[in-house]
Structures are given as structure tokens and as C-alpha cells.
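**Student:** Feature annotation from TrEMBL assigns transmembrane segment to 6-25, 45-66, 86-106, 118-139, 159-182, 194-216, 236-258. Annotation source TrEMBL lists domain 'Rhodopsin' at 25-258.
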């Protein structure tokens, strides 16, 4: 348990430093180039702010039994599910801001009717998916269940986060693959073309963290319909997913600076 806690804190510290640093460099690069921040920059800043909410929920969860095999006090039994719900709520808005930022940036540099339509479709699905994840987490632990004092949603506490996660990952795959066909047709030397494709394909790291989060959620399925999955690994990969998304979303902006 202590080893898992140490790994979680290390991931939060490293993830926060890298995501905040790349976001700051992104804003600095844009300000130097255009003397203003674009819509996609503000959305990425909003995603970073929401990621701090995910951190706050995880850290609070560690004080009310996150990762424990059995909750011993009524206080922990009351607040751990709410903490997990808060983590999912913050994560939903964070993911929405990150994906919207990436899509707005991509549509600003890649011109084409098909590209625009696909980007719009992905944005609509992302909005619906994020709102669904937020609403279920809010209703099941904060709004309806505590007042009703009965079992609410049952398996939805496990199925909904996993389902929204799968849909979110599918959108990620589309988002990070979309620019590659366009980049492959650029009339530049092969080295430059490969470098650009590599920068955009680094988003696959975010998809890898999503798969790890799925595995943690599936393996740590709750033994009863009351509790939500409370393993530390779920919190770990939930945060790493958003931190990696922010970092990978900033890299295309920083490509000229790195070059």
C-alpha cells in the first residue's frame, strides 16, 4: 500500500511539472508569435486547471481509504465514493478541454472539408461522452444517492466510467491519426516529414495510459454494487491519462521551439 502511494505521489509530481511546463511554454510561444493566445491555448489552460481538480480528489481520497482493502469507518464509507465521483467529474471536463484544444488547433492548420467534418463529429461525441460521465458521477454519489440512502445505479458505478473511457480512447485514436495522411502528402524532405509525424503520433502515449486505466478498472471491479473501484492504480492512471494528454497536445505548438 505504501509503495503504491509513493508511486502515485511521484506520478502526480512529475505529471504536474511536465504538463504545467509545456502549457506555459505553449502560451509563451504563441504570445511571442502573435501577441495573443488563441482559443485552443485557452482550452488547454482550462484542461490544466481541471487536472488540478483531479489531483485534489485523488489526494483527498488517500485520507479516506483510497487503496484500502476494507473501509473501517463510516466517515470513509461516506466520503471515498464521493471522492471517486469528484475525480471522475473533474476528469470529464479536463478531457473535454484537452480534446477540444487539439481539435481546434488541428482544424486551424489542416484545411479540408473531410478533415473538418471528422473533427466536428469527434468533438460532438467527446462533448456527449464527457457530459454523460460527469452527470452519472454527480447523480450517483452527490445528488441522488445520498438523499435516497439506497443502492443507486448498481453496476453503472463500474460500467459507466469504463464505457466512457473506451469511447474517449476511440476518439483519441481518431484525433491523433487524423493529421498523419495530411502530413504524409507534404512536399518537404523525408526527415522533416518523419519528424512532424512523430510529434503528432506522440499522442499514442496518451492512448497507452488509457489502456492501462482500463486494465486497472477491470481488474479491480468492486465486489458489491455500493462501492466504486477504489484501487490506487485507477487514480494513478486517471491522472497520468490527463497529464499525458496535456503534454502531447502541447508538443505540436512547441515543435518550432524544440527545432
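Every residue gets a Cβ built from N, Cα and C, even glycine.
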**Student:** With pairs fewer than 6 apart in sequence excluded, do the transmembrane segment (236-258) and the transmembrane segment (86-106) have three or more C-beta pairs that lie under 8 Å?
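**Tutor:** Counting Cβ pairs under 8 Å (6 or more apart in sequence), the transmembrane segment (86-106) reaches the transmembrane segment (236-258), since there are 3 or more.
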**Student:** Short question: most Cβ pairs under 8 Å with the transmembrane segment (118-139), which of 6-25, 45-66, 159-182, 194-216, 236-258?
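**Tutor:** Most Cβ pairs under 8 Å with the transmembrane segment (118-139) come from 159-182.
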**Student:** At a threshold of under 8 Å on Cβ distances, which of 45-66, 159-182, 194-216 pairs most often with the transmembrane segment (6-25)?
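**Tutor:** So the stretch in question is 45-66.
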**Student:** If we skip the immediate neighbours and take only residues 6+ beyond the ends of the transmembrane segment (45-66), which ones have a Cβ under 8 Å from one of its Cβ atoms?
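**Tutor:** Tertiary neighbours of the transmembrane segment (45-66) are 5, 8, 12, 16, 19-20, 23, 27, 37, 72, 75-76, 79-80, 83-84, 86-87, 89-91, 93-95, 97-98, 101, 230, 232, 235, 238-239, 242-243, 245-246, 249.
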**Student:** Mind checking which residues of the chain, 6+ beyond the ends of the transmembrane segment (194-216), have their Cβ under 8 Å from one of its Cβ atoms?
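**Tutor:** Same-chain contacts beyond the flanks: 102, 162, 165-166, 168-169, 172-173, 175-176, 179-180, 183-184, 186, 188, 229, 231, 233-234, 236-238, 240-241, 244-245, 248-249, 251-252, 255, 259.
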